[in-house]
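What TrEMBL says about this one:
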type: TRANSMEM; residues: B:22-51; note: transmembrane segment
type: TRANSMEM; residues: B:71-93; note: transmembrane segment
type: TRANSMEM; residues: B:105-127; note: transmembrane segment
type: TRANSMEM; residues: B:139-158; note: transmembrane segment
type: TRANSMEM; residues: B:170-193; note: transmembrane segment
type: TRANSMEM; residues: B:259-286; note: transmembrane segment
type: TRANSMEM; residues: B:298-319; note: transmembrane segment
type: TRANSMEM; residues: B:331-348; note: transmembrane segment
Amino acid sequence: MTIRLTVAALLALATPAAADPHPEAQRILSIGGSVTEIVYALGQQDRLIARDTTSSFPAEAQSLPDVGYMRALSPEGVLSVRPDLILSEDGAGPPETIAVLRQADIPFETIPAGTNADGLAAKIEAVANALGVPDAAKAPVADLRADLAALDASALDGDRKRVLFILSLQGGRVMASGTGTAADAMIRLAKADNAIAAFEGYKPLTDEAITAAAPDVIVMMDRGEATGSHDAAYADLLAMPAISTTPAAKAGAVIRMDGLYLLGFGPRTGQAARDLHRAIYGSGHGGA
Amino acid sequence: MVALEADAGRLDGDRAHLGRNIAILLSVLLLSVAILSLGHGASGVSAWTVLIDWMTGQTVDVTDRVVLFDIRLPRLATGILVGASLAVSGAIMQGLFRNPLADPGLLGVSAGAGLGAIAALVMGGLLPPAVAAAAGWHLVSLSAFFGGWIAMLTLYAISTRQGRTSIATMLLAGIALAAMVGAVSGLIVYRATDDQLRDLTFWGLGSLAGASWTKLAAAAPLMLVALAASPLIARGLDGLALGEAMAAHVGIRVQRVKAAAILTAAGATGAAVAISGGIGFVGIVVPHLLRLVAGPRHRWLLINSALLGATVLVGADMISRTIIAPAELPIGIITAMIGGPFFLWVLLSNRRTLDA
């Protein structure tokens with residue numbers, strides 16, 4: 001945690017976050033999938049002229065020029081789309097590129113990250129403020145808060161369920177989410193417990209640890225493969241010795257959700273948390 | 001006696017003549033690629049319009065000025081120096097190890113620099129804030145540089161006994177050291193977050209995108225000194241080609257040549273890797289091509305390696321900047337994708353000569 005705070009402090013030194021309003025900006029470059037989503041949710045997409053590789057939703061965004069991966073931006077590539085405002089998720093880089101962009105006198109607004117109701121509301125409001133349309137944030141923020149509040153209000157019939165989030169299954173090796181990840185935050189928003197609390201971040205898990213974690217539900221990202229291959233993948237997954245003994249395998253409780261929807265932490269997160277909650281606890285929950 | 005001297009003189013003259021002509025040709029080529037590179041980029045800014053406007057005192061758009069003076073120019077200079085450094089270091093190492101496959105990686109420089117970069121990327125936050133603030137975002141470069149040097153000096157100390165460096169020990173100890181460094185890197189990578197892993201991957205593919213005057217000012221002196229010093233060891237490397245004992249007999253101070261060669265290659269490579277990440281291939285292929293064309297004499301080989309290495313890297317960087325603009329393809333992918341098949345083609349068409 002201290003590491004992350006110091007890194008964050010360093011980044012903050014390099015990119016002071018001052019969300020000045022830029023109502024005049026008409027050529028906006030949006031960096032980071034959630035920021036782009038928020039711009040669309042605010043109805044300001046006509047002012048966008050380019051995006052980064054992680055901005056893949058909504059589908060229209062993909063027709064904008066792509067300036068590259070948000071952590072490996074090229075200064076001339078960014079300048080070539082002639083932005084008059086750059087809106088960026090926390091963590092854009094490399095810092096060398098950001099330094100050059102500052103020299104070029106292009107306003108660069110960093111939007112703070114957020115993984116709970118208040119953080120997400122602040123994120124949406126920061127984008128709205130930077131765009132000079134603070135009022136436009138009201139509706140999406142209200143929706144988001146309503147979704148998350150509905151989850152808070154919903155009572156659970158039994159115990160909280162234990163969720164194992166599997167990031168990838170390469171060659172039968174399970175890469176699972178520990179604490180401090182987007183997946184962990186999402187599991188908590190959906191009123192469930194992360195079955196893996198022993199480590200931070202995404203790490204390969206030994207077979208015995210999976211058995212010991214005894215997850216009730218397994219959650220994976222949907223990467224848009226053909227449906228047929230899903231069924232095969234489910235069968236393979238549930239047949240893995242370590243997983244076959246878990247309550248999740250016995251109940252066949254494997255949930256797949258779109259990665260950006262599930263872990264993007266943008267305007268759709270409230271809805272995604274409710275969907276996840278419903279998928280974990282069955283359709284009678286989450287104010288469905 | 002007289003006849004023999006004349007004979008030797010003529011043979012020597014032939015090679016030198018060829019080397020000099022190639023040097024002239026490569027200089028022209030480098031100049032053309034450099035001019036082309038300055039004029040091309042994702043933004044479509046015309047270097048010449050900006051330059052003329054700026055010199056005639058007209059107002060120049062701040063974006064155009066930044067593109068030309070703070071992006072393309074430092075990047076061009078970095079490309080020239082890094083390309084030259086990598087190719088010359090490769091040539092020196094191949095001479096020192098008497099093996100066409102040798103590269104500065106054998107000195108542990110690359111592994112050490114990689115470890116330094118990984119450590120800075122993942123654990124930079126553990127540093128005392130004062131140190132971190134002073135290094136700022138040059139931390140990765142600095143750490144890569146010192147990592148490379150520490151690895152090289154360790155290897156040198158291990159393989160030097162009673163003032164004599166054993167090249168064979170160095171080669172084998174280098175493998176052991178690389179394994180150890182790899183293990184430590186692996187441990188750190190295991191701790192890394194997803195974002196840091198992404199950064200590590202991109203670092204390994206190399207890029208000149210972070211080029212800036214500040215970085216160049218820090219790295220250029222070392223690369224320039226190493227490049228300028230390299231011709232001084234050309235004769236020594238020629239001598240080593242005969243074997244160490246023979247070289248000593250013809251009056252070459254073998255240990256001094258070895259130490260100078262190692263220092264030069266490590267200095268140039270360390271600085272190059274620190275500011276551009278891992279750009280492979282240039283160090284092996286450029287000297288090899290030149291040896292095929294103009295023979296193994298180091299005097300012109302080193303000079304021409306510098307010229308061709310710079311040309312290749314500036315050219316590859318131009319492709320990297322423009323091929324998927326406005327995004328950028330890491331340069332290591334380009335050098336390998338174009339260089340690999342080209343090298344294979346050269347090898348296959350020279351198969352008869354090589355086998356003979």
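Glycine is no exception: its Cβ is also placed from the backbone N, Cα and C atoms.
Listed as Cβ neighbours of the transmembrane segment (B:22-51) (distance under 8 Å, sequence separation of 6 or more from its ends, same chain) are residues 60, 63-65, 67-68, 71-73, 76, 79-80, 290, 293-294, 300, 303-304, 307-308, 310-311, 314-315, 317-318, 321-322, 325-326, 328.
Of the recorded ranges B:105-127, B:139-158, B:170-193, B:298-319, B:331-348, the transmembrane segment (B:259-286) has the largest number of C-beta contacts under 8 angstroms with B:139-158. With a cut-off of 8 Å between Cβ atoms, the residues of this chain six or more beyond the transmembrane segment (B:298-319) that come close are 15-16, 18-20, 22-23, 26-27, 29-30, 33-34, 36-37, 40, 75-76, 79-88, 90-92, 95, 208, 227, 230-231, 233-235, 237-238, 279, 282-283, 286-287, 289-291, 329, 331, 334-335, 338-339. Looking at B:71-93, B:170-193, B:331-348, the range that has the most CB pairs within less than 8 A of the transmembrane segment (B:105-127) turns out to be B:170-193.
Outside the transmembrane segment (B:170-193) by six or more residues, the chain places 97, 105-108, 111-112, 114-115, 118-119, 121-123, 151, 154-156, 158-159, 200 with a CB less than 8 A from a CB of the stretch.
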